[in-house]
């Protein structure tokens, strides 16, 4: 069913996706190219299945074999190359993660994997080398279910019922997608039920063809292309997607496919046809190059065009030397499937990925340098993290308080999950004096003191924890810590560029709650220490170590974030702390002293990893911060003694 206009559409779609991923500002809606691919796939698969069913020659085994021939070899080769690259350059945890992602990709389960981890446009997405394979998984799941669905309808309800049921499922999926995109955006983006309508739209183009004159075909095709190009420019990553907005590029593709007009110089020329043929391989290779360049900080115009060139070059090589060469006879018995080339290739990649995953990233690889190994061995979180931290799955009565390591409690720590390592480090510091720490933390909790459940899911926990601290007369000192700018702006920056659209009113309520907490504690406790914002990294410490390892940089001193970026991100809360007059027994601890120098905040400093992910301090990092707390307390006590 090869059609030159459809092949040209593939080229348009892959170019849009590649441009978007290398620089979103150049084509803000280029991600809609994936939706174009979905419509094309639905059209072609419907044609193959319907023709086979009509002529009574359709075989599920042959169909699956043909799809495996098309998809698996190039995917397996790309995964294997990435596996070898990771063997040389990736730290163990990163290598373990990539092996899990390879396994998800080659088994066509990656959409569920990424759905469980984060949103497609989240900050962390640029650290996932195989994120783009989610769409292949969605398509493969469609390939598995769609022909079986048609065969079922044909057998029990008759051939003529197929059109009606495809139309019904299309409408149902579209409605579900439109609703889910608002309430469960990540699920809607990644999962088949909310994507099926796009492929079924292609199916409808095949099932309900129009007989048109050449002039009408031209109008349909031009209108469809115009709609597609408009979609690439008017949408952005902030658009609710897929939902009803995705109907625009989907309908545009529907019109082009429906027109069935191959005599179009835009879609039918040598360059576009070549790109169209290689579009799958180009799509496969472009994203790992995007991640590599992004990780290495190669983001100026020269490197963007270099990335384009590499993506297309590798795509061409993959098409001509893998897609076109490594295939197996499409005719195969069910038992014979397991010895076919695509299945053998997939099995090999699965085996090495499983071994790597269960061996925790093969820490003993000869490619791991002694320096890197030493740093990695120090990346540790609190051993009490799971035991002592509360979250929305645990109420305050079951996980409200942890006491470290003595019953004589003189300190309490209160805040979100960024307090956990601080509490442990503080307890270790006080251990020799037989003093204990009461630890209260709740994951992703925003300052919610004196607020109700409608304000945050941790409000009641915060109020109960405050009461316990107040009622414990032996507690003299309280350390408060939150990820303030996350509460105020969400992930990313402190603006609409990567942050959430939180209202100013909400921000004022958070600051008001924080101030009330500080003031009320200061009235009944000897000292209140407030940790200023801890610098947030763009990547996890493992990814940054991996980047430096790839680039041949130092692993003992690893750049985390620019100091100016830190101040820009946290200016709202820092300015508030600076301008507000607090009681004399309230002291602010500045992490910049421990984590930064003149213009740089580090992920690893002097061989010490300061984080165990991208924003939580490691135990070693927490020790440095607690040293500042203790130093401040001792200084104030000496000052008080000196004044007496």
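Just so you know, glycine gets a Cβ as well, placed from its N, Cα and C.
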Pick from 108-126, 241-259, 260-278: which range does TrEMBL record as transmembrane segment?
241-259
For the annotation transmembrane segment in TrEMBL, which listed range does it cover: 218-235, 362-379?
218-235
Are there at least 3 C-beta pairs under 8 angstroms linking the transmembrane segment (140-157) and the transmembrane segment (241-259), leaving out pairs fewer than 6 apart in sequence?
no
